[in-house]
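Colleague: This is the structure I have questions about; it appears just below.
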Amino acid sequence: MAKMPMEMGNGTTVQEFILEGFPASQHLGKVLFLVHLLAYLASIAGNAVIVTITCADSRLHTPMYFFLSIFSFFECCFTSTVIPKLLIIFLLGRQTISFPACFIQAFVTVFLGAGGFFLIAVMSLDRYVAICKPLHYPTIMSLKTCFLLVTSCFALPFTLITGPLVKISQLSFCGPHVIPHFFCDVGPLIHLSCSDSRSAEMLAFVVALVILLTSLIITIIAYSNIVVTIVRLPSAKEKKKAFSTCSSHLIVLSLMYGSSVFIYVKPKQTNRLDSSRGAALVTTVVTPLLNPVIYTLRNKQVHQALRETMCRMKISR
């Protein structure tokens, strides 16, 4: 995907970038390595558990848990694209990354991030149909529909981001080559280009805006109808039950939208690069770590499925 950078005037080329990471915290490298390693392992384990029990327990073979398991898979892939390199930076101080590897990382992170937002919108639609049209839910959210929706969550991001990423990779990179971030993100890469990057910057901004707004509008419309339906329910018990199925989803999407809007929806990528690193940690470390806890903390079905799966594992030994 990535085109090799153009030569500088003195004949040298940018063969690799340097990920700056968190220069103010370099003296805490070993501590930060341990903290992020534990967070990464807990995130992978938690999301893997959700995928496993959803596949293993027939009672969780419903659209809601199917989408949740796909979302957990997305989170595992997303955090695994970013965190291992960050751990190497903390432990060994190896901050270099090759030109092709950098753009591959940028493509995969943007692809998975965009796919996650479309999946959040699909999960909102699922809750809308389940609460607002419960009698038609099995018909509307059929297996075929679920697979088509998940396929679109893969196809749409690929279609939307491939053009802008190819355009950015074809910019001239003739120095400097220090990326003020802990992974290869689109904004800092555009800022490093020594050619006219205004069109690429605006294209990246528009695509990010389209992805976020499309997902957000679908989510807002779905939850507006959900709130109206819940308010009209006759008993407080029914209202509480309906809201409890949505509360976990609302917490997760608030974290995702808040941090991503702060990072990506800025016409000028040169602004707030330092603070963007902190926001990026939310999407790459905090959110994937909290998702399994948020989705399973008050979910009795998941608790029961997890207990029974663990019992079966003990018996099989």
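Even glycines carry a Cβ here, placed using N, Cα and C.
According to TrEMBL, the record shows the following:
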- 31-53: transmembrane segment (TRANSMEM)
- 46-295: domain 'G-protein coupled receptors family 1 profile' (DOMAIN)
- 65-91: transmembrane segment (TRANSMEM)
- 103-125: transmembrane segment (TRANSMEM)
- 146-166: transmembrane segment (TRANSMEM)
- 202-231: transmembrane segment (TRANSMEM)
- 243-265: transmembrane segment (TRANSMEM)
- 277-297: transmembrane segment (TRANSMEM)
Colleague: Of the listed stretches (31-53, 65-91, 146-166, 202-231), which one yields the highest count of Cβ-Cβ distances below 8 Å with the transmembrane segment (103-125)?
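Modeller: Ranked by Cβ pairs under 8 Å, first place goes to 146-166.
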Colleague: Mean pLDDT for the domain 'G-protein coupled receptors family 1 profile' (46-295), as a whole number?
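Modeller: PLDDT averaged over the stretch: 86.
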